[in-house]
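Presented below is the structure to which this report refers.
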Amino acid sequence: MRLVVFGAGYVGLVTGTGLSDLGHEVLLYDIDPDRIAKLNDGRVPIYEPGLGDLIHRNQRGGRLHFATEIPASFADADAYFIAVGTPPGPDGAADLSAVMAVADTIAKVATRKAVVVVKSTVPVGTCDAVQARLAGAKVSLEVVSNPEFLKEGDAVSDFFKPDRVVVGARSDEARQMLRELYAPLQLSGERLVMTDPRSSELIKYASNTMLAIRISFMNELSRLCHATGADIHAVRLGVGTDSRIGKKFLYAGPGYGGSCFPKDVQALAALGRENGVQLKVAEAAHQANEDQAVFLAQLVDKALEGVMGKQITLWGLAFKPETDDVRESPAVKLASALIERGATVIGHDPEAGPNFTKVFGSKVAVKERDYDALDGSHALILLTEWRSYRAPNFAEIKRRLKASADGMPPVLVDARNIWRPSEVQRAGLRYQGIGVSLHRAADRPSQVLV
Ligand SMILES: NC(=O)c1ccc[n+]([C@@H]2O[C@H](COP(=O)([O-])OP(=O)(O)OC[C@H]3O[C@@H](n4cnc5c(N)ncnc54)[C@H](O)[C@@H]3O)[C@@H](O)[C@H]2O)c1
């Protein structure tokens, strides 16, 4: 098939490249000329494991093209994919201007019957609105909802081995087209969910909000652990071994971030309000996430007996490991809070340093090497559980960090609970986890660790 994908970001780039690897002829279109120039130069504008090789292979194979214009050769495409951003507006509702701009472009360029596949995360009713927007097209275009569930950091493998693919279509013809498109992925039985566009749109928001609710609830429990002396690791294990609940997404931490959970939870709550249905659980998940960021800043402040005038190192600036994405990252929130309270912040991340610098400029010095970011700091805060941070040399960390004026050892705030408190303490450092009872955690057996 001949396919056009609008938006060469995290979703569009992976989807378009994946589809070309399945043998389709794909044009990736983006309004950002720098992004397209980089791609045509063989450079990959985002960090996503495995993506570079896949792009280069399909570029060499002549199936994958990048452009800021739709050439006449793609005006007869079989399908147009919309994968542009849907950021939150001031009230939390999704801003659909980019989606609608793409719809207008498709209406202008399409010269044969085709499907328009909405991969962007959009509120219920958007596919119908896009369908109405396409009314002026010269040819028949059917809009299909096909929300994306890829996880940054695992996006390539998620494309080829998705848990499920959801398709919301109104006609059998469109359903059949999407079935054929995804046939090479060999999705058995329930892994291909066929439904109507409105249910499909809601599935995406419901999935992300469900996961966000789990994280927020565990974060609230971690705060209760601090207040009561219970240990969040034990609570997680005890709760997660119930097969009805399961073990995933039960980790307390600095709060969820990224370009999806914060925005989608708020967009779902806004959709509820617009339709006269207050989604109290979704609203509470969002508020609990905001509270966790405040709690973390207070925890650091307390551990250092005030951060004013202190230097603090952050390890992990991306919102999760294996990505360079810092959108809504806990590190962005914490760095802002610490700077506001008068601290100097130094950062390190294996991939996200340049994106973090785009946000903070010279306000945060980002170092190339993890240990170099420690020199002279009073505290190290671990915010992203990159593999390279999992087994650090605590003696070296101690050597580089600085004790407080009254001789208190430097503190490590482990916001992902990945280090053993006893090991940190043996190196002569103080340990602070999230909801971790120091007394019990020191004796924790290794299988209790993440
Ligand atoms: N990032 C994720 O992990 C993820 C996962 C699932 C779903 N989603 C959803 O997918 C959508 C895209 O997310 P993303 O993270 O890939 O966004 P992104 O910001 O990385 O990429 C969006 C791209 O669209 C381009 N663009 C904007 N307007 C355009 C236009 N009119 N025509 C063509 N290109 C245009 C931008 O230049 C940018 O390159 C969002 O709705 C998001 O919620 C994202």
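Cβ atoms here come from the backbone N, Cα and C positions, even for glycine.
Note that the structure is a prediction, hence the values are computed from the model and not measured.
Annotation comment: TrEMBL describes ASP30, ARG35, THR86, THR121, GLU152, LYS263, ARG327 as NAD(+) binding site. Under DSSP, ARG35 (NAD(+) binding site) is assigned to a helix (H, G or I) in the three-state scheme.
For PHE149, LEU150, LYS151, GLU152, LYS204, PHE249, LEU250, TYR251, ALA252, GLY253, GLY257, LYS320, the entry in TrEMBL reads substrate binding site. Secondary structure from DSSP puts GLU152 (NAD(+) binding site) in coil.
Around CYS260 (active site, nucleophile), the same-chain residues six or more apart in sequence whose CB sits under 8 Å from its CB are THR121, ASN208, listed in sequence order. Under DSSP, CYS260 (active site, nucleophile) is assigned to coil, being neither helix nor strand in the three-state scheme. Feature annotation from TrEMBL assigns active site, nucleophile to CYS260.
When averaged over the domain 'UDP-glucose/GDP-mannose dehydrogenase C-terminal' (313-421), pLDDT in the model lands at 97. If you look up TrEMBL, you'll see 313-421 marked as domain 'UDP-glucose/GDP-mannose dehydrogenase C-terminal'.
Separating the Cα atoms of GLY257 (substrate binding site) and ASP30 (NAD(+) binding site) is a whole-number distance of 25 Å.
Taking a Cβ cut-off of under 6 Å from any atom of ligand 1, the recorded positions GLU152, LYS204, LEU250, GLY257, CYS260, ARG327 reduce to GLU152, CYS260. Of all the Cβ atoms in the protein chains shown, 17 others lie within 10 Å of the Cβ of PHE149 (substrate binding site).
Between the CA atoms of THR86 (NAD(+) binding site) and LYS204 (substrate binding site) there is a gap of 13 Å, rounded to the nearest whole number. Ranking the binding-site residues ASP30, GLU152 by how many Cβ atoms sit within 10 Å of each one's Cβ puts GLU152 at the top.
For the substrate site, whose annotated binding residues are PHE149, LEU150, LYS151, GLU152, LYS204, PHE249, LEU250, TYR251, ALA252, GLY253, GLY257, LYS320, the maximal Cα to Cα separation is 24 Å.
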